[in-house]
């Protein structure tokens with residue numbers, strides 16, 4: 001990955017709320033399925049904004065911080081996804097998205113961020129990201145002290 005796109009908590013909240021506004025009316029949904037781990041925080045925001053209390057998870061391991069590896073389903077939510085929103089933070093190459101589509105063919109699959117290779121696999125997303133860009137999510141970062149330039 002050549003570029004980095006840093007996401008702050010504020011940015012994530014704004015993007016998730018914009019996405020939630022397009023998922024109204026909320027009474028059309030039975031619940032939300034969060035793709036663990038990237039979809040957990042966005043799912044919480046969507047659940048709040050839409051007033052949805054039923055939130056389940058599908059647990060898929062594919063990344064080890066900045067390396068994408070073999071896809072492994074650790075836990076899945078029951079059903080075919082009918083009436084459910086499935087949320088992940090990002091669709092990248094489409095590996096996870098293809099697995100989600102197979103497991104939940106009737107779900108409405110959304111992400112906050114989408115790269116070109118994965119875009120056709122989601123029903124909606126909020127932010128376009130170039131394919132070669134690595135996204136730094138706020139839950140993967142910490143605020144640290146940086147010395148002033150004059151002190152170096």
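Positions of Cβ are set from backbone N, Cα and C atoms, glycine also.
The 10 Å shell around the Cβ of residue 88 (5-phospho-alpha-D-ribose 1-diphosphate binding site) contains 30 further Cβ atoms across the protein chains shown. Taken from Swiss-Prot, the feature 5-phospho-alpha-D-ribose 1-diphosphate binding site covers 37, 38, 88, 89, 90, 91, 92, 93, 94, 95, 96.
Look at Swiss-Prot and you will find 89 tagged as Mg(2+) binding site, backed by sequence analysis. According to its DSSP assignment, residue 89 (Mg(2+) binding site) is in a strand. Within 10 Å of the C-beta of residue 89 (Mg(2+) binding site) we count 24 further C-beta atoms, all protein chains included.
When other Cβ atoms within 10 Å of the Cβ of residue 135 (guanine binding site) are tallied across all protein chains shown, the result is 20. In the three-state DSSP reading, residue 135 (guanine binding site) counts as strand. Annotation source Swiss-Prot lists guanine binding site at 92, 135, citing sequence analysis.
Here the Cβ of residue 134 (GMP binding site) has 14 other Cβ atoms within 10 Å, regardless of which shown protein chain they belong to. Taken from Swiss-Prot, the feature GMP binding site covers 92, 93, 94, 95, 96, 134, 135, and the record attributes it to sequence analysis.
Per Swiss-Prot, the feature xanthine binding site maps to 92, 135. Around residue 92 (5-phospho-alpha-D-ribose 1-diphosphate binding site), a 10 Å sphere centred on its CB holds 24 further CB atoms from the protein chains shown.
Here residue 135 (guanine binding site) is positioned 15 angstrom away from residue 94 (5-phospho-alpha-D-ribose 1-diphosphate binding site), judged by their C-alpha atoms. Put simply, residue 134 (GMP binding site) is 10 Å from residue 92 (5-phospho-alpha-D-ribose 1-diphosphate binding site) when counted between their Cα atoms. Within 10 Å of residue 37 (5-phospho-alpha-D-ribose 1-diphosphate binding site), judged by CA to CA distance, lie the following binding-site residues from the set 89, 93, 95, 134, 135: 89.
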